[in-house]
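Undergrad: I'd like to ask some things about the structure below.
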Amino acid sequence: MAKLSTPLYLICLAFIFTRDVSANDYRQASSVYIVYMGTLPEIKYSPPSHHLSILQKLVGTIAASHLLVRSYKRSFNGFAANLSQAESQKLQNMKEVVSVFPSKSHELTTTRSWDFVGFGEKARRESVKESDVIVGVIDSGIWPESESFDDEGFGPPPKKWKGSCKGGLKFACNNKLIGARFYNKFADSARDEEGHGTHTASTAAGNAVQAASFYGLAQGTARGGVPSARIAAYKVCFNRCNDVDILAAFDDAIADGVDVISISISADYVSNLLNASVAIGSFHAMMRGIITAGSAGNNGPDQGSVANVSPWMITVAASGTDRQFIDRVVLGNGKALTGISVNTFNLNGTKFPIVYGQNVSRNCSQAQAGYCSSGCVDSELVKGKIVLCDDFLGYREAYLAGAIGVIVQNTLLPDSAFVVPFPASSLGFEDYKSIKSYIESAEPPQAEILRTEEIVDREAPYVPSFSSRGPSFVIQNLLKPDVSAPGLEILAAFSPVASPSSFLNPEDKRSVRYSVMSGTSMACPHVAGVAAYVKSFHPDWSPSAIKSAIMTTATPMNLKKNPEQEFAYGSGQINPTKASDPGLVYEVETEDYLKMLCAEGFDSTTLTTTSGQNVTCSERTEVKDLNYPTMTTFVSSLDPFNVTFKRTVTNVGFPNSTYKASVVPLQPELQISIEPEILRFGFLEEKKSFVVTISGKELKDGSFVSSSVVWSDGSHSVRSPIVAYSIQP
């Protein structure tokens, strides 16, 4: 993305600061706060006027108009304003205010991926109904001219569409890309200058485009999960993604009439769901029948790192496919080592001198020089040479110094190949150590880095190390992430003005139409695409029914490659075709979530304002008893446990059907009983309840045990993971 020059940036900041201070000289230093006020009143009401009057009472008439940043007025009630901490606390004490929290900034977290999850081009589709489904993508914008968003063969937008094309300068929508908006006052367009939003939008709902590739790698037909669906793009990310803009995008997307929201943005840890923009936005989306898919985050493999943990949204971990990118390093002595990267460059059989970072630095300590830290690589000493760096981020410094190539030790992301701007490879510890030994002993040491090739990864699927893990420390007794989806080395549409190796080097000037990216950001739109696919078959299904269908039909993964098991992959890897016909679903209504929030400590007044419903909190639902498709409980590591889960399923399969329960796999540490063990249905939409009781001896501190309940009628298999854990923050 193009950046403001430093002088202009400072001028803009100076202007903002001057404006705020001059508006009210006695005010303390201020920040942007979000004042969330719940649902919009049903009476005749002007949100901006009301918001301004609140500020006028707080700071006076003259200052108020300068402090108001944005009003949320289409789908829920609230505003953003420049406030001091003391002023924010005064607003928090107002009866009509649910929460006040600072607007933070957050990070943005295919030819083969859909085939790998059993969702080929010939999968059963309802193309006419699919074209009525609208996927809203909250991200870094979109490149409207991409073939993935061409509207050939599309009719006019669905009648339910209430949005518009406000993409800015030189930006045109069409019958495929039916809407666009942007939310930063320094921007002039919804056009994607980072590539991220274009990539995610095309993964969810892009057209089928033949012969797509990244310089010949991953060649094939690139397509989204629902190629016939429509797309609306909401640009909230401009290097970073601010809460104030994220909420504005939700406000618009809900009112515009989207059916599914994909948001590949991982919010920082929050202790209160009503202080989190994605949680608030997705709650109001759920109330309007819209399902939100959100990325689990890229802070793995640490326990408890999972983000976007609201129970009303579907939280997506990343998994790999059976396609892996590797490259080989051939040393002067003929020894070949295997590394990983997406390296499209060819050295044509020529071996170049290879030097260690410590030997080509004049200004740094030995440790920093070995890492190839910023400013440590001497350009005069690396010209025409390959540099060996102890740190993954040495890529950029070697490139900027003018080296012919780089080899790095990859302990940061050992299972993820990233696009590199010149010949490069990342090696595991043992192979890297052998190169260091070779440099010390050979005279002269030489090497060649070969172009990346594709191989079959027979251990897939597995969750890569970067994908955030559970358990959730925000809401105990709720399994997060919910599911996993392909998010490793995914090819999809890209912005031609963005650097394809921006993660490592924004100076990479290559222009591409399709690129390879990794992250839970890439996994999230896969699930949004599946949700849209299920919606095309069942347009009247609730968000919880669609979510249940995706979760209970997911495939459990290889335990040897995924030692964290459900805390890594949730219910398992998505199976789109099965999700369209799940047999049974677990449904959760708004009032059920509110009862759960009561049990989590929220009071009746707060929840009444939030939902617009009359909430008394006389009835509370423990999180473990929320009618969720998984069953999870925290247990003390000091005592044996005995826990009961109550669940209700709705028949959406055959009218006359009988389901029998089984426990898979049987675990000696976990005793499970199900009552009743048989459910008989006589008609569609009939509901049946059952109780699952688990017991066991005390778990070791920081451990867990898991199994699953599977209901089967011979045609459908409805699987619900069960997890007991003693992991604490």
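Think of each number as a place in line: the chain as shown, counted from 1.
Backbone N, Cα and C define each Cβ position, glycine as well.
What Swiss-Prot lists as signal peptide is 1-23, and the listing cites sequence analysis. The domain 'Inhibitor I9' annotation in Swiss-Prot covers 32-108. The feature N-linked glycosylation site is assigned by Swiss-Prot to N82, N275, N348, N359, N363, N614, N642, N656, with sequence analysis given as support. The annotation domain 'Peptidase S8' is assigned in Swiss-Prot to 113-580. The domain 'PA' annotation in Swiss-Prot covers 350-436.
Tell me about the surroundings of these features in the structure.
TA: Secondary structure at N82 (N-linked glycosylation site), taken from DSSP and collapsed to helix, strand or coil, is strand.
Across the residues of the domain 'Peptidase S8' (113-580), the predicted structure has a mean pLDDT of 94.
In the three-state DSSP scheme, N275 (N-linked glycosylation site) is classed as helix. Counting every protein chain shown, the Cβ of N275 (N-linked glycosylation site) has 18 other Cβ atoms within 10 Å.
Long-range Cβ contacts of N348 (N-linked glycosylation site) within its own chain (separation 6+, distance under 8 Å) are none.
There are 14 other Cβ atoms within 10 Å of the Cβ belonging to N359 (N-linked glycosylation site).
For N363 (N-linked glycosylation site), the same-chain residues that are 6 or more apart in sequence and have a Cβ closer than 8 Å to its Cβ are G375, C376, D378. The DSSP secondary structure for N363 (N-linked glycosylation site) is coil.
Around N614 (N-linked glycosylation site), the C-beta neighbours below 8 angstroms that are at least 6 residues distant in the chain are T608.
Long-range Cβ contacts of N642 (N-linked glycosylation site) within its own chain (separation 6+, distance under 8 Å): T693, I694, S695.
Other C-beta atoms found within 10 angstroms of the C-beta of N656 (N-linked glycosylation site) number 12, with every protein chain shown included.
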Undergrad: Of the glycosylation sites listed here (N82, N275, N359), which is spatially closest to N656 (N-linked glycosylation site) when Cα positions are compared?
TA: N275
Undergrad: How far is it from N359 (N-linked glycosylation site) to N82 (N-linked glycosylation site), counting Cα to Cα, in Å?
TA: 51
Undergrad: Please report the distance from the Cα of N275 (N-linked glycosylation site) to the Cα of N82 (N-linked glycosylation site), rounded to the nearest angstrom.
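TA: Distance between the two Cα atoms comes out at 17 Å.
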Undergrad: Tally every other Cβ atom lying within 10 Å of the Cβ atom of N82 (N-linked glycosylation site).
TA: 23
Undergrad: Let's see if you can do this one: DSSP helix, strand and coil counts over the domain 'Inhibitor I9' (32-108), in that order.
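TA: Residue counts for the domain 'Inhibitor I9' (32-108) by secondary structure: 28 helix, 24 strand, 25 coil.
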